[in-house]
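Here it is: the structure, laid out below.
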């Protein structure tokens, strides 16, 4: 749910282990998020924490902005710690909201969104990793679209306090899904590009691989989130 400096990572020269490091940390982050969410559900703590879901949301934004602003000054262990903190906070966010969706729409909606997100992310990342087309221009368009999505979402949040507009929200969810699928493709191509470059194993290269792991983590999380909204909306209209 955070935004990262993607252009900063695209032109860096990194060692050959960069790609496996990125996806390894992304997977670790997702595992931490899943375990945190499951822990809240198993203990029933999500009921008490549900009113504070917005705190976890803003906390993830704060961590992501801090990493982006302080990446040059932070040590590798510090970035690792912040990455894990981000993953835990996302687990707190989803751990308080997903059980509510499951109770209202059924667990099948959650599992359908989870499985679909995994398939869509995998196919998108594979295409980005193996396509020979230059996606640089598409990346710039997607970043502008992402800014527009944030503005539209904030405007919708304000207007919806007075007038419910479920169809407009559904359109926003589809737009968000398209944007993050596209970002997955271009980020995967960026990972492949820098992975082919030859560089040392210094701290900067490791920190940059963690940043790109966060980017891919954010992509798959947001794909899941928008799919969950879409599936829940479809179930509600039946």
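Placement of Cβ uses the backbone N, Cα and C atoms for every residue, glycine included.
These came from Swiss-Prot, pasted as-is:
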TRANSMEM  22-42  transmembrane segment
TRANSMEM  49-69  transmembrane segment
TRANSMEM  78-98  transmembrane segment
TRANSMEM  105-125  transmembrane segment
TRANSMEM  141-161  transmembrane segment
TRANSMEM  166-186  transmembrane segment
TRANSMEM  208-228  transmembrane segment
Below 8 angstroms Cβ to Cβ, which residues of this chain, lying six or more residues outside the transmembrane segment (22-42), approach it?
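Non-local partners: 49, 83-84, 86-88, 90-92, 94-96, 98-99, 191, 209-210, 212-214, 216-217, 220-221.
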For the transmembrane segment (141-161), could you work out the same-chain residues 6 or more beyond its ends whose Cβ comes under 8 Å from its Cβ atoms?
3, 6, 168-169, 172, 175-176, 179, 182-183, 186
Is the transmembrane segment (105-125) packed against any residues at least 6 beyond its ends, judged by a Cβ distance under 8 Å, and which are they?
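Distant contacts of the transmembrane segment (105-125): 98, 181, 184-185, 188, 216, 219-220, 223-224, 227-228, 230-232, 235-236.
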Short question: which residues 6 or more past the ends of the transmembrane segment (208-228) have a Cβ under 8 Å from it?
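Tertiary neighbours of the transmembrane segment (208-228) are 1-6, 8-9, 12, 14, 18, 21-26, 29-30, 33, 64, 67-68, 71, 76, 79-80, 83, 86-87, 90, 98, 101, 109-110, 112-114, 116-118, 120-121, 125, 173-174, 176-177, 180-181, 183-184, 187-188, 190-191.
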Grab the same-chain neighbours of the transmembrane segment (78-98) for me: Cβ-Cβ under 8 Å, and only residues 6 or more beyond its ends, written as numbers and ranges.
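Sequence-remote neighbours of the transmembrane segment (78-98) are 1-2, 25, 28-30, 32-41, 45-46, 49-50, 52-53, 56-57, 59-60, 63-64, 66-67, 71, 110, 206-207, 210-211, 213-214, 217, 221, 228.
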